[in-house]
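J.: Below is one structure. I have some questions about it.
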Ligand code: GAP
């Protein structure tokens with residue numbers, strides 16, 4: 001369960017005129033001199049707002065902390081990312097099914113999942129400012145000498161930060177004294193705080209259901225999509241006749257009332273997850289855990305997040321979530337933040353199905369679960385070898401969509417200085433992720449013969465089903481190229497006078513200029529060949 005501290009880490013170019021009488025690439029070579037990746041979160045935040053990827057939620061009323069809205073380009077990128085995950089994990093495998101479960105869940109689900117009792121973070125209040133903080137975040141963000149004093153005050157080594165936090169939580173009265181004595185400052189006021197004892201704060205959002213707001217008629221907004229998979233296990237098995245091993249995949253919203261949401265979309269209160277619960281026979285779980293670790297790393301690589309930017313954290317036993325036998329956290333090197341969790345891959349053993357099943361005592365569970373007298377379902381499946389009913393083990397790769405967005409944006413963000421000294425920002429997104437695949441630009445927006453052809457090309461390319469194609473006539477061509485570089489459009493297609501037979505070279509009639517975002521190369525392509533040209537490159 002997220003989050004933890006890392007311990008063990010196993011110029012755009014103005015269009016050049018076509019070289020006369022020659023089809024194909026006529027300006028090759030990048031024209032670039034230096035390339036610099038995004039090095040701060042601020043640069044990303046600024047681009048996201050400026051170009052319409054991500055906005056603060058409820059912004060016109062001052063904003064709501066921990067909630068973000070995905071704008072015109074953000075929604076396209078997000079949909080493409082989720083589609084890529086679904087393609088790899090559901091369509092390209094033969095052992096997966098999909099699911100879309102409801103967000104609001106029966107109270108008993110989150111009770112028997114263990115979330116009511118354990119899904120909490122320690123918080124402390126500053127009596128002076130009345131501000132509330134997550135204990136580990138508050139301490140981690142202090143100056144090094146203050147953190148050292150807190151560790152000393154609670155009798156732990158500063159080298160082992162999770163142990164410091166654990167000791168503070170275990171000794172609330174001493175913790176309050178240690179925080180005050182060490183001079184822990186309130187990030188809001190900058191002054192040393194008058195800190196309360198740490199208390200657990202359950203992060204689940206509760207909501208009333210129906211018109212009677214009594215104690216029994218409430219439900220929870222799910223804090224993870226996983227529980228909808230466990231509660232539907234029997235439905236999926238009965239309706240698909242699946243046998244072990246197989247998995248169920250789901251993408252959807254989850255809600256966590258984070259004490260300190262921060263770092264843009266890294267830690268939000270309304271998040272989206274892409275989760276797989278992979279069910280396998282007990283004893284085969286460790287092998288499947290390794291399989292999913294490799295599979296997930298290679299998926300990230302295919303999205304442009306390279307292997308060398310991810311460290312694998314073998315989560316220490318004392319830091320494991322209540323359901324986990326073993327967890328690998330994939331830690332991505334975010335700009336400004338450094339290595340933070342992008343995905344957790346947990347071996348949840350037989351904990352969840354074991355917790356939600358009736359007749360637990362007869363099932364020989366390995367995990368320690370609370371008694372369940374509420375469930376009406378027996379969550380077993382025939383063992384592949386013995387055919388006897390068994391509660392399967394579960395391997396769970398669980399990735400955050402918002403954190404994935406941040407990672408692909410940060411990997412794609414590039415600043416280049418061109419040969420002519422000008423600078424361009426370019427989002428080098430993989431084509432399958434790009435929010436706009438092609439921008440079709442009429443060179444003269446008031447010349448009907450040109451705009452008619454451009455609109456027809458836009459409509460024809462749109463029909464290919466490759467994603468969004470944009471008819472772009474909002475400014476001069478230089479500005480259009482600059483904008484599309486910044487939003488990651490892989491190709492710009494320009495319709496000019498040559499295209500409509502009114503240029504100097506009749507051989508260029510019925511051809512267009514296609515400009516490549518990354519290389520800046522421009523190629524003259526026949527309109528009749530454009531669909532195939534794009535299909536080959538945008539798959
Ligand atoms: N079902 C397991 C589970 O939910 P988790 O480690 O708590 O495990 C999985 O969450 C992933 O969800 C994390 O790796 C992270 O990418 C994402 N995530 C968790 N909390 C988040 C938050 N407050 N904001 C954004 N993403 C979050």
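One-based numbering along the chain as shown.
Backbone N, Cα and C atoms are what each Cβ position is placed from, and that goes for glycine too.
Unlike curated records, TrEMBL annotations are generated automatically.
Got these off TrEMBL a minute ago, pasting:
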- 134, 224, 271, 272, 273, 274, 275, 396, 397, 398, 399, 400: substrate binding site (BINDING)
- 256-258, 266-271, 341-342, 400-403: ATP binding site (BINDING)
- 43-431: domain 'Aminoacyl-transfer RNA synthetases class-II family profile' (DOMAIN)
J.: Distance check, please: Cα of residue 275 (substrate binding site) against Cα of residue 401 (ATP binding site), rounded to an integer number of angstrom.
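T.: Checking the Cα atoms of residue 275 (substrate binding site) and residue 401 (ATP binding site) gives a distance of 10 Å.
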J.: Does any of 134, 269, 273, 401 have a Cβ within less than 6 Å of an atom of ligand 1? These are the binding-site residues; tell me which, or none.
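T.: Correct list: 273.
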J.: Give me the Cα-Cα distance between residue 397 (substrate binding site) and residue 342 (ATP binding site), rounded to a whole Å.
T.: 11
J.: In angstrom units, rounded to an integer, how far apart are the Cα atoms of residue 403 (ATP binding site) and residue 273 (substrate binding site)?
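T.: With distance taken Cα to Cα, residue 273 (substrate binding site) is 9 Å from residue 403 (ATP binding site).
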J.: State the count of C-beta atoms found within 10 angstroms of the C-beta of residue 134 (substrate binding site), not counting that atom itself.
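T.: Around the Cβ of residue 134 (substrate binding site), 23 other Cβ atoms lie within 10 Å.
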J.: What kind of secondary structure is residue 401 (ATP binding site) part of, going by DSSP in three states?
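T.: Assignment for residue 401 (ATP binding site) reads helix.
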J.: Would you kindly give the Cα-Cα distance separating residue 273 (substrate binding site) and residue 401 (ATP binding site), rounded to the nearest Å?
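T.: Pair distance, Cα basis, whole Å: 5 Å.
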J.: If we check Cα distances from residue 258 (ATP binding site), which of the binding-site residues 134, 271, 399 wins as closest?
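T.: Closest recorded candidate to residue 258 (ATP binding site) by Cα: 134.
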J.: Which has the fewest other CB atoms in a 10 Å radius around its CB: 256, 267, 269, 403, the listed binding-site residues?
T.: 269
J.: Compare the Cα of residue 342 (ATP binding site) against each of the binding-site residues 134, 271, 273, 399 and report the nearest.
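T.: The answer is 399.
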J.: List nothing but the one residue from 342, 399, 401 whose Cβ has the fewest other Cβ atoms within 10 Å; the candidates are the binding-site residues.
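T.: Comparing Cβ neighbour counts within 10 Å for the binding-site residues 342, 399, 401 gives 401.
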J.: Restricting to the same chain and to sequence separations of six or more, state which residues have a Cβ under 8 Å from that of residue 273 (substrate binding site).
T.: 224, 225, 250, 251, 252, 253, 254, 398, 399, 400, 401
J.: Would you measure the largest Cα separation among 134, 224, 271, 272, 273, 274, 275, 396, 397, 398, 399, 400 for the substrate site and round it to whole Å?
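T.: Spelled out: the longest distance between any two Cα atoms in 134, 224, 271, 272, 273, 274, 275, 396, 397, 398, 399, 400 is 27 Å.
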